[in-house]
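**Q** Input: one structure, supplied below.
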Amino acid sequence: MEEEKNWIVVPTWRIPGRLEKWHSLIKHLKYNTKDLQKACYVPHHKVGWAWWTCSRVIFPLKDEAHLEVQGYWNLTPEKGWLSTYAVRITWYSRNFWTDVTPDYADTLLHGTYFPCFSEGEVRRAIRGEKLLSCCKFPKAHKNQVPSLQYLALTVVSHVRSQGENPTWKQWRRNNRRGLRLARQNSRRNKQGSSESFAEGTNFPGLAKVLGILA
């Protein structure tokens, strides 16, 4: 009697390439800039029996919760013989877990990681003083209804950093800068270079870094 074949079905986000860029950025933000110092990076040779998993990145969150980004390889492609890569993004709490979208994962991450505007910045902006903080993860606010304070502080910080009113092209260029530098850092690591990811850039968000095909 033939043994019945069992399938494991989970929601995943397909990516167009390999995961070196993602691994490189996580290790840089964990060990160099310390922005993700609490995160745990688990490479494929330490995952254990889950041979289809090429890496796990675990982000501890508030209230004993955590976010896990699990990379898969050797998945069956739609056409051809080449392996397909994908990621699964899961949020865990004490009594519940669920898969989440990359946009919502960004919101969860920003609640614990990467600084944002402090409460006193509104008063400093009104008095015309120098802002002492800024948002390093603006992509996390994409699917939220931004407050007037956040919108005003975002405009003020851009205007003062550029010395003039920013155009829409400049705004898009700034948002893409973090992703471009992540790619450059990945190529440097492949070539054995010791140059690191540039400091002071914004985190571009999970979807951008992973190249998810939504």
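Glycine too: its Cβ is placed from the backbone N, Cα and C atoms.
Since this is a predicted model, take the numbers as computed values, not measurements.
I grabbed these lines from Swiss-Prot:
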type    : residues : note
MOD_RES : Thr98    : phosphothreonine
MOD_RES : Ser147   : phosphoserine
REGION  : 154-166  : region 'Multimerization'
MOTIF   : 110-141  : motif 'HCCH motif'
MOTIF   : 147-156  : motif 'BC-box-like motif'
**Q** Along the motif 'HCCH motif' (110-141), what average pLDDT does this model show?
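**A** In the predicted model, the motif 'HCCH motif' (110-141) has a mean pLDDT of 70.
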**Q** Once the DSSP letters are reduced so that anything not helix or strand counts as coil, what is the residue listed as 'phosphothreonine'?
**A** strand
**Q** What same-chain residues, at least 6 away in sequence, bring their CB to under 8 Å of the CB of Thr98 (phosphothreonine)?
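**A** Thr90, Trp91 - these are the non-local Cβ neighbours of Thr98 (phosphothreonine), listed in sequence order.
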